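Copied from TrEMBL, the annotated features are:
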CARBOHYD  Arg149  N-linked glycosylation site
SITE      Arg149  site 'Required for activity'
SITE      Arg156  site 'Required for activity'
Amino acid sequence: MSALGNLPAPEDVDIVIPTIRNLDFLEQWRPFFERHKLIIVQDGDPSRVVKIPEGFNYELYNRNDIERILGKRAECISFKDSACRCFGFLVSKAKYVYTIDDDCFVAEDPQGNKINALDQHLRNISTPSTPFFFNTLYDPFAQGSDFVRGYPFSLREGVETVVSHGLWLNIPDYDAPTQLVKPAERNTRYVNAVMTVPKGSLFPMCGMNLTFNREVIGPAMYFGLMGHGQPLGRYDDMWAGWCTKVICDHLSLGVKTGLPYIWHSKASDPFTNLKKEYKGIFWQEEIIPFFQSVTLSDDCQTVCDCYLELAQKVRDELSDLDPYFTKLADAMGTWIEAWKELNPEAQGRYPQK
């Protein structure tokens, strides 16, 4: 059962990078990225010139481009927040997207070998997931692994994997309160494992090292309305992860987490982060139970349909928490409008439940 799937061709994978700075970090990634197209979403001042190393195939978009392409719908793309990366998901035409932050570098495994994170992600996403029954050897489709004794044969075929969530060495992905009490903590543990996130379980998705099947789950990968002018920040990838996992569970699609690791080089300021996260720290105690209990109707047979119904449930059930959630639900609907407009050919390509 452990045979690897066929890896996608270079033209089937785009790399989306949100940034406000020069992209010198790409030099370290050159051996792994130079065969793929980069989609760079420049946040902040659109007049600033972002320097990109020579030799890469890339498209660069700033706020002026976003407003030109989307018109009034540009309001659903966050400003001064890494959530702007989802504009890159909109304009990509590749089957798969890998998104990475510009403060992430190539990590090394315990033997000192440089980790090709993109290659590992594509191996994860090219083999099935097993969300309905946990395999105690983790991913049975990984090299050197298989299903353990007692695993039902009827479930061994698995389901299509549409999300591969990678991890980080060095700076952990902590919230501000944890940063403040553990300022010197570093993640040095390299766990050589990949596992399927079980059906019915949410997880805190981090956008700094993430690959997904854009053709299938792309419409759910909306990183919300965060940052400038909004009461909430640093929950953009979390929001996308919660929405995506609910829809994956409904449509019997798979999410994997674990390998590959990247090297997260820079800790953001915990006091600045606390200002961004403050309301979210309280709101998540209501938001997470909502996602844990929400169900989608049998009429929802596509990701777009699922996402629009989920947006309505956000409006109905979370707006009492704060008017922001009404605005967010509206933005979710606008996002799907933009997705359909820029990707009309993809509307019939989502899996049937």
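In case you wondered, yes, glycine gets a Cβ from its N, Cα and C as well.
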Other C-beta atoms that fall within 10 angstroms of the C-beta of Arg149 (N-linked glycosylation site): 5
Around the Cβ of Arg156 (site 'Required for activity'), the count of other Cβ atoms that are within 10 Å: 16
Cα-Cα distance linking Arg156 (site 'Required for activity') and the residue listed as 'N-linked glycosylation site', given in Å to the nearest integer: 12
